[in-house]
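A.B. asks: If you look up Swiss-Prot, you'll see ARG86, GLY124, THR125, ARG126 marked as phosphate binding site.
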Amino acid sequence: MRPSNRTPAQTRPITITRQFTAHAEGSVLVEFGETKVLCTASFTEGVPRFLKGQGQGWVTAEYGMLPRSTHSRMDREAARGKQSGRTQEIQRLIGRALRACVDMKALGENTIVIDCDVIQADGGTRTASITGACVALVDALNWARGKGIIKSNPLKFLIAAVSVGIYKGEAISDLEYIEDSAAETDMNVVMTETGKIIEIQGTAEGEPFSHEELLELLALAKNSIREIVDVQKAALN
């Protein structure tokens with residue numbers, strides 16, 4: 001039995017609130033149960049130096065956790081003077097995932113910067129960030145089209161992400177912190193709306209997992225991501 005009494009395949013309640021802040025071209029508050037992340041998408045004309053003159057755009061991401069997003073306060077990384085390895089890994093994951101769903105040629109020489117700020121953490125912050133950031137990205141692209149900055153829609157498909165794992169010998173979806181911290185296997189999966197894989201991050205935290213368990217976890221993730229994409233589409237409509 002899971003601590004929340006959810007079934008193994010059941011995700012937490014998921015909500016996506018668009019236009020959550022006033023200034024960003026795209027902004028979303030995404031909630032996976034008690035995990036809450038503010039995702040903003042900022043559209044700027046121009047690209048990094050390494051892309052100048054190539055006629056294509058760029059999408060990148062930054063990620064951070066507010067000091068009291070966790071049970072005890074942690075120092076801001078800006079106060080420490082450097083980002084942790086975890087932060088760098090997560091923001092690279094978010095950026096890679098979002099670049100997979102954008103036609104960079106159609107974006108033109110423009111840049112979208114995604115900022116994911118964790119307001120409250122209860123497991124799955126990186127997967128919630130990707131899910132919310134995708135919706136914020138859609139809004140930023142629609143803003144640019146409305147302004148005539150880009151002509152065609154660069155979005156190739158929606159993407160979403162979920163954590164899956166093996167907890168007390170059972171494959172489960174959308175782990176909250178108490179499950180994540182005690183899981184034998186922890187995996188983050190990013191997929192397209194049609195179920196194609198963009199990225200898999202999987203680690204045997206306690207016990208090695210079998211090929212059959214890997215397939216079970218991926219099937220669990222695919223079904224959960226299908227449900228999460230439905231939430232994205234409902235928010236966008």
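Any Cβ shown, glycine's included, is placed from N, Cα and C.
For each listed feature, how buried is it and what is near it?
C.D. replies: Within its own chain, ARG86 (phosphate binding site) has no residue 6 or more apart in sequence whose C-beta sits under 8 angstroms from its own.
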A.B. asks: May I have the list of same-chain residues other than ARG86, GLY124, THR125, ARG126 whose Cβ is within 8 Å of the Cβ centroid of the recorded phosphate site, in sequence order?
C.D. replies: TYR63, ILE90, VAL118, ALA121, GLY123, THR127, ALA128, SER129, ASN188
